[in-house]
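Features as listed in Swiss-Prot:
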type     : residues    : note
SIGNAL   : 1-20        : signal peptide
DISULFID : Cys42-Cys74 : disulfide bond
DOMAIN   : 42-93       : domain 'TIL'
DISULFID : Cys51-Cys69 : disulfide bond
DISULFID : Cys54-Cys65 : disulfide bond
DISULFID : Cys58-Cys93 : disulfide bond
DISULFID : Cys76-Cys90 : disulfide bond
Amino acid sequence: MKHLLIVSLVFVTIIWKIECETDMYDDSSIVKTEETEEVKPCGLNEVWMVCSSCEEECGKTPQPCPRICQPARCQCPAHKGYRRDGQGNCIFCHDSVPKL
């Protein structure tokens, strides 16, 4: 039973990552918030996500992330090799940590 749960979790994570990589990322760097209608740029290497999700950190094993649309925000695009560093910056990581 434990193995079935692990296999199911890995399968769902892989499907989620494939779908995110193919249709969720928008590489625009200027954002317009609905509340204020003011234009704000994303930080270096970040992209604006209308439907954001969990982010990965350099040097840490990726954790399962529920497929729930979180509030719009600038996000670090993991599908391009970018992760958050210890200071919260979006940087390209040369990790040897395996992806789930």
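Placement of Cβ uses the backbone N, Cα and C atoms for every residue, glycine included.
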**Study point:** C-alpha spacing of Cys51 (disulfide bond) relative to Cys90 (disulfide bond), in angstrom
**Key:** 18
Practice item. Report the DSSP secondary-structure composition of the domain 'TIL' (42-93) as helix, strand and coil residue counts. Key: 3 helix, 15 strand, 34 coil
Practice item. Tell me, if you would, which residue among Cys65, Cys90 (disulfide-bonded residues) has the fewest other CB atoms within 10 Å in the structure shown? Key: Cys65
Revision key, fill the gap. Top of the disulfide-bonded residues Cys42, Cys58, Cys74, Cys76 by count of other CB atoms within 10 A is Cys76
Practice item. Mind telling me which of the disulfide-bonded residues Cys51, Cys54, Cys69, Cys93 has the densest Cβ neighbourhood, counting other Cβ atoms within 10 Å? Key: Cys93
Practice item. Take the domain 'TIL' (42-93) and average the pLDDT across it for me. Key: 92
Check your understanding: How far is it from Cys51 (disulfide bond) to Cys74 (disulfide bond), counting Cα to Cα, in Å?
Key -> 10
